[in-house]
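S.K.: Sharing a structure here in structure tokens format.
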Amino acid sequence: MIMTESREVIDLDPPAETSQEQEDLFIVKVEEEDCTWMQEYNPPTFETFYQRFRHFQYHEASGPREALSQLRVLCCEWLRPELHTKEQILELLVLEQFLTILPEEFQPWVREHHPESGEEAVAVIENIQRELEERRQQIVACPDVLPRKMATPGAVQESCSPHPLTVDTQPEQAPQKPRLLEENALPVLQVPSLPLKDSQELTASLLSTGSQKLVKIEEVADVAVSFILEEWGHLDQSQKSLYRDDRKENYGSITSMGYESRDNMELIVKQISDDSESHWVAPEHTERSVPQDPDFAEVSDLKGMVQRWQVNPTVGKSRQNPSQKRDLDAITDISPKQSTHGERGHRCSDCGKFFLQASNFIQHRRIHTGEKPFKCGECGKSYNQRVHLTQHQRVHTGEKPYKCQVCGKAFRVSSHLVQHHSVHSGERPYGCNECGKNFGRHSHLIEHLKRHFREKSQRCSDKRSKNTKLSVKKKISEYSEADMELSGKTQRNVSQVQDFGEGCEFQGKLDRKQGIPMKEILGQPSSKRMNYSEVPYVHKKSSTGERPHKCNECGKSFIQSAHLIQHQRIHTGEKPFRCEECGKSYNQRVHLTQHQRVHTGEKPYTCPLCGKAFRVRSHLVQHQSVHSGERPFKCNECGKGFGRRSHLAGHLRLHSREKSHQCRECGEIFFQYVSLIEHQVLHMGQKNEKNGICEEAYSWNLTVIEDKKIELQEQPYQCDICGKAFGYSSDLIQHYRTHTAEKPYQCDICRENVGQCSHTKQHQKIYSSTKSHQCHECGRGFTLKSHLNQHQRIHTGEKPFQCKECGMNFSWSCSLFKHLRSHERTDPINTLSVEGSLL
């Protein structure tokens with residue numbers, strides 16, 4: 001835009017003055033035409049309509065009615081009621097008021113981003129505060145704060161103000177004598193710098209107000225650093241001299257590039273060399289125009305690196321992070337000429353990866369160098385990125401900031417919360433291109449793909465033909481077309497495909513310099529794209545079936561070292577994962593997670609057909625076989641199918657042992673006792689028909705058998721000796737001890753053995769003098785509550801045990817059993833009924 005400036009010129013020649021006025025009028029006319037042309041191609045923005053509405057003045061209209069109508073038009077242009085809903089209009093009004101009440105130092109930064117909602121404005125402010133906090137934590141030392149290599153020609157620091165101030169100096173005026181900064185200066189708020197523009201002018205403005213003893217430096221080629229005079233006093237004379245030499249060298253580099261005039265340069269060098277305590281000065285007016293040099297494009301890339309340097313004003317002695325100095329040294333050695341196709345950025349010399357921002361390039365370089373500058377103060381673990389250290393520190397603090405809105409479960413990392421959401425939604429975005437199976441987690445897909453590779457390796461021949469390589473190259477090109485971002489990477493890696501020896505193996509894991517990522521060959525998830533920087537790589541051993549990690553105890557081998565570590569806990573008995581609620585420990589984290597659902601009551605796996613919920617996914621899979629009728633586990637001996645593996649295991653025991661239950665009538669032998677009972681009922685029914693006995697007892701026995709069958713279906717754990725079934729395996733184990741007479745639990749007082757742990761506690765109460773359970777009727781005390789309940793039947797007259805034959809009632813079960821034996825001697829059918837009832 002052409003700017004006109006008024007000048008006071010004393011001239012006695014009228015024609016010259018007239019021509020000057022005509023020239024000014026011509027310039028203004030051209031400016032108006034340029035504005036009209038720009039408005040056609042650059043329509044007013046939301047901020048423009050807002051400013052028109054807020055800055056409208058009454059005198060701009062001819063009268064009150066026109067002023068009101070004009071305001072209505074401007075308000076409609078701002079709020080756009082024909083496009084926005086009432087909620088959106090209210091949001092705009094709230095946003096306008098929110099921007100008004102913001103502190104003055106935040107308002108220009110937020111308005112520069114043009115937020116369209118209150119949430120966007122809040123996000124901008126939070127980002128500013130977060131960067132401020134990070135920069136305060138990254139303290140740098142005073143003398144070494146600006147390393148020599150940092151003074152690159154393009155590294156120019158932006159101004160602290162969102163709108164840089166430019167002070168034009170008249171060429172005919174002599175340079176003014178610079179003034180020293182006042183000793184009493186307020187610290188200037190360090191806010192994140194706005195992106196540099198091509199036409200932005202560099203300034204070295206010095207701010208000084210207030211009462212605190214602080215001196216502010218605006219570095220031209222480096223960063224803005226604030227020093228307290230007390231901090232400067234901690235430095236010795238050699239350190240002060242070193243800093244002045246660095247300053248001279250930096251300004252010399254800038255002058256050589258044309259960023260500073262020679263007069264101003266000599267003046268600044270003289271000021272830096274001054275031995276007084278006020279070491280830093282700057283001219284009040286300095287003209288700095290940015291030359292159109294190609295190296296100046298490097299400034300925006302160095303912005304992320306420059307922002308990492310900051311001095312903490314609350315600390316007396318400054319510190320320097322050595323890794324930051326090495327990072328800056330590495331940055332200055334990188335030239336923008338290394339980029340391909342004229343792009344600005346940095347390319348890694350080890351793996352060829354390209355980065356636009358210098359900060360991302362620095363983080364990537366630590367992968368090759370193995371540097372881990374961020375160390376945990378609690379356990380000493382080190383990390384190559386600060387975000388990883390922050391996530392690790394939450395393990396010590398117990399902080400879990402990411403909470404699920406559905407079940408309330410909290411997580412330390414946001415990615416874990418995203419994975420957890422798929423449990424509620426049932427979404428499985430990661431699909432296998434080979435078999436079409438979907439998975440909820442990327443790691444599960446990787447493990448599944450390894451199985452395909454092992455299967456293919458067994459089917460492939462030993463030939464190393466070119467057709468195999470060409471087919472893989474073709475598949476890589478197909479996926480490179482699906483994702484243009486990977487095209488360059490795929491072309492680089494196609495030439496690095498290794499020999500496909502036994503099993504079509506491929507170099508899946510990048511050896512820091514070469515290799516093909518697995519996902520470039522097998523594809524990506526079905527419903528969303530994955531970040532290729534986070535894709536793990538399949539090692540060559542997964543396709544060949546090699547298991548290099550071997551257990552020294554039992555000789556078992558594993559593909560991954562993590563699986564070996566988990567396996568070794570079985571031998572060592574180590575259980576590092578402990579439940580905070582009940583104190584139980586587990587050797588794997590997944591087992592602890594499943595156990596914690598017992599306390600929380602969480603059942604994330606729901607059956608879509610009947611709505612029944614389960615704590616473990618495998619239980620849901622077993623339950624779904626009830627609806628489908630599928631019985632995948634079949635017996636090789638008799639061909640019988642089962643819905644659960646445990647049922648098949650119990651069935652196989654029947655084939656492995658002898659038939660021990662024999663019928664006395666016909667001599668037939670049975671595996672299970674309940675089968676013998678069913679068979680004997682048939683014999684009793686035949687006898688009843690011959691003798692003409694009432695069929696009521698016979699039908700009652702059949703009912704008992706049918707009830708027993710239903711019971712067995714719901715209770716999968718069955719005793720091989722007596723046929724009794726249980727719903728839980730632990731109950732079956734305790735029941736086996738009644739047959740084997742095993743008593744593994746011993747009393748510490750009398751050394752008596754008992755079969756169950758609960759019986760041990762009950763037994764030990766005999767030796768305790770306290771009888772906590774007392775009868776209210778007679779005052780008698782008992783050690784066990786069950787004994788008290790039996791005693792109270794004497795007072796109440798309760799007789800809960802009834803004989804089904806004669807209807808006689810008894811107070812105790814032992815009395816009922818004695819009574820039933822009298823019926824056994826008279827009626828053989830009742831013998832079977834008693835046995836059936838006991839079962």
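Cβ coordinates are placed from backbone N, Cα and C, and glycine is handled just like the others.
Taken from Swiss-Prot, the feature SUMO2 cross-link applies to Lys216, Lys248, Lys270, Lys303, Lys317, Lys509, Lys513, Lys709, Lys785, supported by a large-scale study or a structure entry. The annotation domain 'SCAN box' is assigned in Swiss-Prot to 51-132 on the grounds of sequence analysis. Look at Swiss-Prot and you will find 218-291 tagged as domain 'KRAB', backed by sequence analysis. For Ser335, the entry in Swiss-Prot reads phosphoserine, with the evidence type a large-scale study or a structure entry. Under the heading zinc finger, Swiss-Prot lists 346-368, 374-396, 402-424, 430-452, 549-571, 577-599, 605-627, 633-655, 661-683, 745-763, 773-795, 801-823 (among others).
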S.K.: Over the span of the zinc finger (430-452), count residues by DSSP class, listing helix, strand and coil in order.
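M.R.: Helix, strand, coil within the zinc finger (430-452): 11 helix, 4 strand, 8 coil.
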S.K.: Quick one: mean pLDDT on the zinc finger (801-823)?
M.R.: 83
S.K.: What is the number of other Cβ atoms found within 10 Å of the Cβ of Lys785 (SUMO2 cross-link)?
M.R.: 11
S.K.: List, by number or range, the same-chain residues at least 6 past the zinc finger (374-396) whose CB is under 8 A from its CB atoms?
M.R.: 134, 363, 366-367, 412-413
S.K.: Would you mind listing the long-range same-chain contacts of the zinc finger (402-424), meaning Cβ under 8 Å and 6+ residues beyond its ends?
M.R.: 391, 394-395, 440-441, 600, 602, 604-605
S.K.: For Lys785 (SUMO2 cross-link), what is the secondary structure state per DSSP, taken as helix, strand or coil?
M.R.: helix
